[in-house]
Amino acid sequence: MSRPSLTRFLIEEQHAGRIDAELRQLITIVSRACKRISIAVSKGTLGGVLGDAGTGNVQGEAQKKLDVLSNDILLEANAWGGHLAACASEEMDHSQPVPDQYPSGDFLLLFDPLDGSSNIDVNVSVGTIFSVLRAPKGTEKPGDEHFLQPGTQQVAAGYCIYGPSTMLVLTLGHGTHAFTLEREEGSFLLTQANMRVPEDTAEYAINMSNQRHWEPAMQAYVGDLLAGKDGARGKDFNMRWIASMVADVHRILTRGGIFIYPWDKKDPSKPGKLRLMYEANPMSMLVEQAGGAATTGRERILDIQPTQLHQRVPVFLGSKNEVAEATRYHLDADKA
């Protein structure tokens, strides 16, 4: 029996009344853009796309050539379809409505065009993360303020990981599903329906070089992980860290674990490293739809009411029981 394609999957979701035609079209166009990005990434040095672009983004980060190219691909692909009202990107200062010459739709698209791009030059897996919201009714030209909706309002979220194979991992609010790009056919085929994150784990993903900057609750939590079976947790833990959120979260969706990017004192003015709207929210939706959990260490990420388009948050996501344990350390410390 042949595997269902992404196109068939989306049509069946529409027939079941779970999505409408506009959302189906939007996801289809995003997936096509991801194929183009996958081709560009796979060419590497041969495509002349590696290295710095010589520009910076609103985050103050140096842009890679592939950051800029991936952003342009997503903007161009989604401009003319009539399904989108506006889009926002990690690489742009402000949101961008669809051009006046094209029809406007009902949805808002947010994306990190190439997460983990600092790893591009060393051939580590990178990816595209995206989130879909509904545009508020009666809005002719959506601006930044119309994107400021809590993650619970997402109607779809996903990422495309460019690794040994290219995979699109998607949720429409009814489970998390993985599709693998069949390059000869040019189609994404369903390879894992209803992914499930194990409730318990013995793996954690964190950048330990920042340990000296963590708050006491975080120090205590990781200290107990490092103590292993001789410590309070009573079992040994392994650490995994790729420094590409898409790659680390993909591993967790596949076999469990907890991904952690906590607040630290390196820049106390920033509440976290990762961006809420186009990193934390879509990844949290994917993980929760797979039976996992996602918090800031103190509150559920999807419940946060955003106040800024490029807002940052601490992130703890993955296996439900381990996320609850990490959160408990922080909440207990707050009560002390």
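Even glycines carry a Cβ here, placed using N, Cα and C.
Not measured: the values here are computed from a predicted model.
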Swiss-Prot records D112, D115 as Mg(2+) 2-binding residues. Which of E279, E288, E299 is assigned to the same site?
E279
Further binder of substrate named by Swiss-Prot next to D115, G116, S117, S118, N207, taken from the candidates K35, K43, K273, K320:
K273
Mg(2+) 1 site partner of D112, L114 (as recorded in Swiss-Prot), chosen from E90, E140:
E90
Select the closest residue to D115 (Mg(2+) 2 binding site) from the following binding-site residues, measuring between CA atoms: E90, N207, K273.
E90
Among L114, S117, S118, these being the binding-site residues, pick the one whose CA is nearest to that of E279 (Mg(2+) 2 binding site).
L114
Secondary-structure category, per DSSP, in which K273 (substrate binding site) falls:
coil
Fill in the CA-CA distance, D112 (Mg(2+) 1 binding site) to K273 (substrate binding site), as an integer in Å.
14
Cβ packing number for E90 (Mg(2+) 1 binding site), 10 Å threshold:
25
Work out how many Å separate L114 (Mg(2+) 1 binding site) and K273 (substrate binding site) at their Cα atoms, rounded off.
16
